[in-house]
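TrEMBL lists 6-30, 42-59, 65-87, 99-120, 126-147, 159-179, 185-208 with the feature transmembrane segment.
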């Protein structure tokens, strides 16, 4: 069982790395055009916080090093995306992004680490960190839900890329399976939800991929959001 958990965890790491790298095309466009256009920085700032908390969780919980390694990579990837936002965004967006980074990636992260490290210990500390990680991931699934709503109202999958939906399905499924093997409810619940959302998005894609889009659609920048765990 331990060997199977390791194999599944390694597969999960590979898939998650691909998920973390999925916005590369967006940022290549940003660098090429010298502007962030209508793209929002909030998804990347939130994913940076999520990756940081999951890395802390993986370091704190014995045997959860596979969770720590992939989210450590996530920290590096998301930090690059945030820095590019700070470089290429208009002044107003740079200020907004800087404030978000200060509040979420410095203030809240530091408070979470200090509070759990100084006030808690043992399984209580692990449970507290896991609860924060799972809660943040569930909140972040608001983005895929928004994408699904847009597909239904516009009758078009233009703003819900297939591979993004496919990797949401694949990433959620493999990590939910890993969590089942490891008996880790904090890892299992948000990734189980991600698997279900990914499945629902693939069904919508099959239903609407040939449908004619309506004129009432929203900008791609508001929908190409990070969903990584």
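Positions of Cβ are set from backbone N, Cα and C atoms, glycine also.
Ranked by number of Cβ pairs under 8 Å to the transmembrane segment (126-147), the listed stretches 65-87, 99-120, 185-208 are led by 185-208. Highest Cβ pair count under 8 Å relative to the transmembrane segment (42-59), across stretches 6-30, 65-87, 99-120, 159-179, 185-208: 65-87. Counting Cβ pairs under 8 Å that are 6 or more residues apart, the transmembrane segment (159-179) and the transmembrane segment (99-120) reach fewer than 3 and are not in contact. If one looks beyond the transmembrane segment (99-120) by at least 6 residues along the same chain, the residues whose Cβ comes under 8 Å of a Cβ in the stretch are 41-42, 45-46, 48-49, 52-53, 56, 60, 82, 128-129, 132. If one looks beyond the transmembrane segment (185-208) by at least 6 residues along the same chain, the residues whose Cβ comes under 8 Å of a Cβ in the stretch are 57, 67, 127, 130-131, 133-134, 137-138, 141, 144-145, 147-148, 151-152, 155-157, 160, 162, 165-173, 175-176, 178-179, 227, 229.
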